[in-house]
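Structure record follows, encoded as C-alpha cells.
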C-alpha cells in the first residue's frame, strides 16, 4: 500500500478508480482495470491449462494399458498402481498450494512447476523407449535382461511421480490465478468470475477430447515413446503461452496481517485450552464486545471458547477476535462436505481403470482392420461436458434464476448434489452392462478364453461414459467454485487443492477397496472380482457396491448441505 501511496503522490494518476485494489503487476506495481486482468488474461491462463491437461491425461488415461502391457502387471496390480499414483498427484496440490500461498506466490510457482513438469515428461519418454535402446543386450544376456527390466520399471515410476510432484504445484495455482484476474468488488467482473469456472472446465475438456482421440491411438498403435513425448512438447508450449500473458496479469498481494494459518491455528489452540469454560462466560464475553448472536455462531460453538483466555494468560497472549473465530468456523464447515464427496471420487477413479479394461475385451471394430482403443471412449466424458457446459451456463442458469432468484440459478451445493445423483445412475448402468457382457461371454463359451473378443459392441459402454460426463458438469465444476469461494481470501490455492484432494483420497480408497476385495475373495477360495480373466471376474459386483456406497454418501451429504452456512453474504 505504501507503493501505491507513493505513486499517487509522485505522479498524477489519470484514473484513480481504474486501479485494482489488492493486486499488482509482475513488477509489483499497481495495475489498471482497463489494461489488465479480466478475460484478456484469463484466456492465456485457460490456454495453459488446456495444454497441461493434454499432457496429464495423455499419461493418465491409458496408463493402465502401459502397466498391463509393456510392464506386464496384472489387472488388479495395475489398477492399484494407477489409483495410488492418481491419488498422490491429487494430494500433492495441498503442498504446492501451501508453498504458493505462503512463500512463492502463484505466478512463480506455476513457472517452477512447469519446468519440473517438462523434466518429468522428458524422463518418462526416455523410460518408455529404454526397451528399444537396450533390446540387443537383453536378448544376449539373461542377467542383463532382468537388470534392464528392473531399471526400466524404477526409472518409469520415478519419472511418473516426478510428473505428480510437478502437477501438485501447477494444478491448484493455475485455476486460482485465473480466477484472480477478476475483481470481486466490480459487479461486471464478479459476474464474469462465476462464468469463468464453467468455461474453464469447458476448455479443459475440449482439449482433453483431442488427447483421448490422438494420443491413445498413437500409444496403442504406433509408439509409447512418441505417445509420451508429445505431452512433453505440449508442456513446453504451455509454459510459452503462460509467459506471453505476463504483462497483463494481476497478482494478488498479501497484506500486513498475520498468516491465515496462524490465525486459524490460534483459534483451535485457544478453544482447546479453554475447554472447561462455561457457556455463560462465553455469552458474557460476546455481550461485552457488543457481538450480536447470529446463525453462524450457533455452529461449532466450542470454537467460541477461543474468545476467552485464562486469567494468567490474558496479558501474555493475544485473545482471538470474533472475526478470527468465524474464519476458523468457515474452514471447519468445509470438511463435512469434503468427506461426503469421497464416494463420488471413488466412482470417478473407475473411468480410467476398469471402464477401460472392460472395453478392451469387447468388439472394438469400427472399420475393417481398424479398432478403436478402449481408452478412447473416455472421449465421450469430455464431449458431454463440452456440450452441456454451454447449455448449463446459457440456458439452465437463466431459467433456474427466474424461479430461485439466485444469480447462479442454483446454489453450489445443490449443483454438487445433482452430479452425485447422476453418478449413482452411471454406476447402475455400468453394472447392468457388465452383467450383459458376462452373460454374452458365457453364452459364446468364452469364460476361459480371456484373450478372445467378446461379441458385444464396445458402444454398449457409451451410456455410462455420457452419464459420467454429465455428473462432472454439475459436481466437478461445483466443487471447484465452492472450495475457491468458501476459503479465506489468502487461501484460494489451498481451497482448490482441497477440492483436488477429494479425488486423491478417493483414488487411495479405490485402491484400498480393490486390494481388500481381491484378498478377501482369494482367501475365500473364490474367483477374484478383479481377475486378470475379466470373463471370470465380477466387475458388476464392484459397480453395485460403489452404487450402494454412493447412495449412503448422498444421504449424508444432503444432511450437511442443508445446514451449511455460506461464509459470504450474497454467496449462493
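Placed from the backbone N, Cα and C atoms, the Cβ positions cover glycine too.
Just so you know, TrEMBL annotations are computer predictions that nobody has curated.
According to TrEMBL, the feature transmembrane segment maps to 54-72 (among others).
Counting only same-chain residues 6+ beyond the ends of the transmembrane segment (84-104), those with a CB under 8 A from a CB of the stretch are 60, 63, 112-113, 160-161, 163-165, 167-173, 176, 259, 261, 349, 352, 490-494, 496-498, 500-508, 511. Feature annotation from TrEMBL assigns transmembrane segment to 84-104 (among others).
Taken from TrEMBL, the feature transmembrane segment covers 111-130 (among others).
Remote same-chain partners of the transmembrane segment (150-166), defined as residues 6 or more beyond its termini with a Cβ less than 8 Å from a stretch Cβ, comprise 56, 59, 71, 85, 88-89, 92, 113-114, 116-117, 119-121, 123-124, 126-128, 130-131. Here TrEMBL flags 150-166 (among others) as transmembrane segment.
Same-chain residues lying 6 or more positions outside the transmembrane segment (199-218) and placing a CB less than 8 Å from one of its CB atoms are 46-47, 49-51, 53-54, 57-58, 61-62, 175, 178, 226-227, 230-231, 373, 375-376, 378-379, 381-383, 385-386, 389-390, 393, 469, 472-473, 476-477, 480. Among the features that TrEMBL reports, transmembrane segment is placed at 199-218 (among others).
Remote same-chain partners of the transmembrane segment (224-244), defined as residues 6 or more beyond its termini with a Cβ less than 8 Å from a stretch Cβ, comprise 44-45, 47-48, 51-52, 54-56, 58-59, 62, 66, 70, 110-111, 114-115, 117-118, 121-122, 124-125, 128-129, 132, 214-216, 218. What TrEMBL records for 224-244 (among others) is transmembrane segment.
Summarising the annotation, TrEMBL assigns transmembrane segment to 334-352 (among others).
Under the heading transmembrane segment, TrEMBL lists 372-392 (among others).
Outside the transmembrane segment (413-433), and at least 6 residues removed from its termini, the chain residues within Cβ reach (under 8 Å) are 337, 341, 344, 347-348, 350, 355, 460-461, 463-464, 467-468, 470-479, 482, 540, 543-544, 546-547, 550-551, 553-554, 557-558, 561, 564. Residues or ranges marked as transmembrane segment in TrEMBL: 413-433 (among others).
The annotation transmembrane segment is assigned in TrEMBL to 496-517 (among others).
Here TrEMBL flags 541-560 (among others) as transmembrane segment.
Listed by sequence, the residues of this chain that lie at least six past the ends of the transmembrane segment (496-517) yet keep a Cβ under 8 A from its Cβ atoms are 76, 79-80, 83-84, 86-94, 96-98, 171-172, 175-176, 334, 338, 341-346, 348-350, 353, 479-480, 482-484, 487, 528-530, 542, 545. If one looks beyond the transmembrane segment (54-72) by at least 6 residues along the same chain, the residues whose Cβ comes under 8 Å of a Cβ in the stretch are 78-79, 81-82, 85-86, 89, 117, 121, 124, 128, 131, 152-153, 156, 160, 163, 167, 207-208, 210-212, 215-216, 219-220, 224, 227-228, 230-232, 234-235, 238, 352-353, 356-357, 360, 373-375, 378.
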